[in-house]
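As recorded in TrEMBL:
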type: TRANSMEM; residues: 29-51; note: transmembrane segment
type: TRANSMEM; residues: 63-82; note: transmembrane segment
type: TRANSMEM; residues: 88-104; note: transmembrane segment
type: TRANSMEM; residues: 125-146; note: transmembrane segment
type: TRANSMEM; residues: 152-170; note: transmembrane segment
type: TRANSMEM; residues: 177-198; note: transmembrane segment
type: TRANSMEM; residues: 213-235; note: transmembrane segment
type: TRANSMEM; residues: 356-378; note: transmembrane segment
type: TRANSMEM; residues: 384-404; note: transmembrane segment
type: TRANSMEM; residues: 416-436; note: transmembrane segment
type: TRANSMEM; residues: 448-473; note: transmembrane segment
Amino acid sequence: MAEITHPPMDQLQDLEYCIDSNPSWAETILLAFQNYILMLGTSVMIPTLLVPAMGGTDRDKALVIQTLLFVAGINTVLQALFGTRLPAVIGGSYAYVIPVAYIINDPSLQRISDRHDRFIQTMRAIQGALVIASSIQIILGYSQVWGLFSRFFSPLGMSPVVALVGLGLFQRGFPLLGNCVEIGLPMLLLVIGVSQYLKHVRPLRDIPIFERFPILICGTIIWIYSLILTAGGAYRNKPIATQISCRTDRANLISTAPWFKFPYPLQWGPPTFSAGHSFAMMSAVLVSMVESTGAYKAASRLAIATPPPAYVLSRGIGWQGIGIMLDGLFGTVTGSTVSVENVGLLGLTRVGSRRVVQISAGFMMFFSIFGKFGAVFASIPFPIFAALYCVLFGLVGSVGLSFLQFTNMNCMRNLIITGLSLFLGISIPQFFNQYWNPSHRGLAHTNAAWFNAFVNTVFSSPAMVGLTVAVILDNTIEVEKSKKDRGMPWWVKFRTFRGDNRNEEFYTLPFNLNRFFPPT
């Protein structure tokens, strides 16, 4: 039998910077700016989708984008300092679109004839629902209940969940790239070529600029190319949908964004509260919690860290709940979750430095306050981001599959659980999504609209479905006799903070706060 030359490894070996090691300051700032540019895609797309349906104008949309970016910066700093301490960017989540659409289509709000007044009242209703629903994550996090539940996780159970965090976002990739294939496809090919085939080319001293900054390099080239197409009149007589996807001047962000605007809590007025709205929003909070758990596992591996122990995971979920409360108080129109694309960027650049993410949060807050400057970058056509997602979401998906190295994949039990979790995690959400549209119609369509939003949200999440199937099967089928096959001997030492000496290096709180909040 041939010798195995690639045994299972706790940590990835071919990344250059881990959580506590940092590139030079020049590299760090450029990498941080690259993280900021990447998270603009989701930050612009969600308000663009929701604000017009609320009755908002282009100026309202620009203000919401600024607010979302500002709060994302705050939440990213809080998570990197006091939460999991992983280099994870916290941004807006698509998981909230369905419950927010339910609130938008509430008959009591739809009856408001004045569009601006309807926008304000809808925003306040969304704010109230986010504030109430955030209590779910705060309670599950700080009570350590989520950490206790995570003890049912094994490498076999978490592998499909982490994989689905990336692979489940396939609809954000090539389908959106195809909306403007003459921009998206060159971007995809250029990113692959620059980051993979040219990564060893170092024209500037010893810095691998093509591997470190593929988004800045490729994004700039394709953005200039799209500007030339727009200025040359390539889309002058094209359908509206094509112009929105391809042109660089259709978003109206630069003209409507204010030069200076400091987002502040309750800027839209005091939140309003409704039990139905809050219950609907709780579904998105649960989904974002599951998706973030998978993203934290991926981020830890791509940052050359140990898997976050139960205590650290709960701490991160608790702080994320506070982040969702801030979303509600500021009025971001959506809740927060870990940005999957930014997790993938850790692997693409081979830099898992916490400092890079903290500085990127500074860019988020700076460019949200000085709106005109941020709007310039926010006007990048979305197919450019979609091309990046094809690479980055796929990378996160492969990180999830890498957890299978700690399991016995020659065992039929494990093959069935993995295959069923992955297949149903993609198939069931696809089934629910084809019945849903922004008028809150969906497969679940009872007289209780909040119940419809709850069911449609939960079953539209690949990670949520994958977690449910994987954890139930993994903990009910031949559990005792399959401990080694499931990878539990490797996983068990990472359950507690003191189970591995490396945890202290990666997850200890700053400012000597562990004296007051001792880990368990």
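Cβ atoms here come from the backbone N, Cα and C positions, even for glycine.
Please treat TrEMBL annotations as automatic predictions, because they have not gone through curation.
Keep in mind that what you see is a predicted model, and the values were worked out from it rather than measured.
Sequence-distant contacts of the transmembrane segment (29-51), counting only residues of its own chain at least 6 positions beyond either end whose CB sits under 8 Å from a CB of the stretch, comprise 23, 60-61, 64-65, 68-69, 72, 89, 91-92, 94, 97, 100-101, 104, 119, 212-213, 215-216, 219, 251, 253, 333-334, 339, 341-342, 345, 349, 351, 353, 356-360, 362-364, 367, 377-378, 380, 382, 385-386, 388-389, 392, 438. Ranked by the number of CB pairs under 8 Å to the transmembrane segment (213-235), the listed stretches 152-170, 177-198, 416-436 are led by 177-198. Using a cut-off of 8 Å between Cβ atoms, the transmembrane segment (384-404) and the transmembrane segment (152-170) share at least three residue pairs, counting only pairs 6 or more apart in sequence. Here the transmembrane segment (88-104) has Cβ contacts under 8 Å with residues 35, 39, 42-43, 46, 49-50, 53-54, 68, 72, 75-76, 79-80, 122, 125-126, 129, 172, 277, 280-281, 283-284, 287-288, 291, 295-296, 299, 320, 323, 332-339, 342-343, 357, 360-361, 436, 438-440, 442, 449-450, 452-454, 456-457, 460-461 of the same chain, all six or more residues outside its ends.
Between the transmembrane segment (63-82) and the listed ranges 152-170, 177-198, 356-378, 416-436, the one holding the most Cβ pairs under 8 Å is 356-378. Note: the stretches the transmembrane segment (152-170) and the transmembrane segment (416-436) are in contact (3+ CB pairs below 8 A, sequence gap of 6 or more). Here the transmembrane segment (356-378) has long-range neighbours at 22-23, 28-29, 31-33, 35-37, 39-40, 43-44, 62, 65-70, 72-74, 76-77, 80-81, 87-89, 251, 253-254, 256-263, 342, meaning same-chain residues at least 6 beyond its ends whose C-beta is under 8 angstroms from one of its own.
Cβ atoms under 8 Å from those of the transmembrane segment (416-436) belong to residues 98, 156-157, 159-161, 163-164, 167-168, 170-171, 404, 409, 442-443, 456, 459-463, 465-466, 469-470, 473-474, 477 of the same chain, restricted to positions at least 6 beyond its ends.
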